[in-house]
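Accompanying notes for the structure given below.
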Amino acid sequence: MAPSADRQGYWGRPTSTLDWCEENYVASFYIAEFWNTVSNLIMILPPIYGAVQTFRDGLEFRYICSFLGLAAVGVGSWCFHMTLIYEMQLLDELPMIYSTCVFVYCLYECFKEENRVGLLPITLLLIFSVSVTVVYLQWKEPVFHQVMYGALVASLVMRSVFIVTWVYPWLRSLCYTSLGVFLLGFLLWNIDNIFCDTLRTSRQTLPSGVGVVTQFHAWWHIFTGLGSYLHIILSLQIRSTYLKHRPNVKVCPALTQHLLLKYIHSFVYGSLHDLPSLILTMSSSFMEFGPRCTLIHRRRVEMTCEGAD
């Protein structure tokens, strides 16, 4: 975690139980952790698009909740990193639990009749969510939240791997891409925590553009946002296959490569003077690929790229 010696800004002294490795109020007087804040766009704009598209195509309500849940995490994380206020921290961390519970429900109930509501899993997940919330409000220990969130993610990983190993093996590439991208973000999250002092020291000597690349918590947002988005697509794909909607998946390797190049270019060469174009790049890149690579239809779920074989 970051040292406590940081400059003060618009939102005053941090009251959150966590203060990440990015130096506070360096880029903006109004945003405590600038790069950790704007990187949340990847968890806000694409899921909103996915929710709208899912609604238009008449797919099950659970998947609208999945997309909106991911967007809620992005909004909460934006507010948290912008202010470093404890209440905004809860707005970030608790939706992580709630939205992942929705993911768990979708994946574990994917082999049931269409529009069937599983009361038992909903009850169990509600009890889990309420229990975690009550305990965390009383015991303000971030490790507790991280362990509970990790348990939910582990259940998703085990279920996904089981399905693509024994049920729909042709979905392995999509599953492992989602998992690999998410784990890369988790790796960078740990590096940011463990080597924070070293990273902060290196930023004092590196050119500003290169120093920005070492904001690994921002990269955690980018990679986990992408990984979570792909997981929802995977869950939709599994569900549509079971319901015999004749899904057709074509994995597009150029998608991840193109996005990574765009983000690397933005973070390396971006500056405060480039802020409008940086935000436009971060948002438009997903919106550009959204209609092409995640077309969701009532009788067809298709991931294709323009010019793909």
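Glycine is treated like the rest: Cβ placed from N, Cα and C.
Taken from TrEMBL, the feature Ca(2+) binding site covers Asp19, Trp20, Glu22, Asn24, Glu33. The transmembrane segment annotation in TrEMBL covers 64-88, 94-111, 118-137, 143-167, 174-191, 218-236. Taken from TrEMBL, the feature Zn(2+) binding site covers His81, His217, His221.
Asp19 (Ca(2+) binding site) has His81 nearby among the binding-site residues His81, His217, His221, counting only those with a Cα within 10 angstroms of its own Cα. Note: the stretches the transmembrane segment (94-111) and the transmembrane segment (218-236) are in contact (3+ CB pairs below 8 A, sequence gap of 6 or more). Tertiary proximity for the transmembrane segment (118-137) is limited to same-chain residues at least six positions away from its ends with a CB under 8 Å from its CB atoms, namely 90, 93-94, 97-98, 101, 104-105, 108-109, 112, 144-145, 148. Of the ranges 143-167, 174-191, 218-236, the one with the most Cβ pairs under 8 Å to the transmembrane segment (64-88) is 218-236. With a threshold of 8 Å between CB atoms, the same-chain residues lying at least 6 positions outside the transmembrane segment (174-191) that come near it are 153, 157, 160-161, 163-164, 216-217, 219-224, 226-228, 230-231, 233-234, 237, 249, 251, 256, 303. Long-range Cβ proximity for His221 (Zn(2+) binding site), meaning a same-chain Cβ under 8 A and a gap of 6 or more residues, is found for Asn36, Ser39, Asn40, Ile42, Met43, Gly74, Ser77, Gly185. Glu33 (Ca(2+) binding site) and His81 (Zn(2+) binding site) have their C-alpha atoms 5 Å apart, to the nearest angstrom. Separating the Cα atoms of His217 (Zn(2+) binding site) and Glu22 (Ca(2+) binding site) is a whole-number distance of 8 Å. Separating the Cα atoms of Asn24 (Ca(2+) binding site) and His81 (Zn(2+) binding site) is a whole-number distance of 9 Å. Excluding His81, His217, His221 themselves, the residues of that chain whose CB lies within 8 A of the CB mean position for the Zn(2+) site are, in sequence, Trp20, Glu22, Glu33, Trp35, Asn36, Thr37, Ser39, Asn40, Ser77, Gln215, Ala218, Trp220. With all protein chains in the displayed structure included, the most crowded Cβ environment within 10 Å among the binding-site residues His81, His217 is that of His81. The local packing around Asp19 (Ca(2+) binding site), expressed as other Cβ atoms within 10 Å of its Cβ over all shown chains, amounts to 17.
Here the Cβ of Asn24 (Ca(2+) binding site) has 23 other Cβ atoms within 10 Å, regardless of which shown protein chain they belong to.
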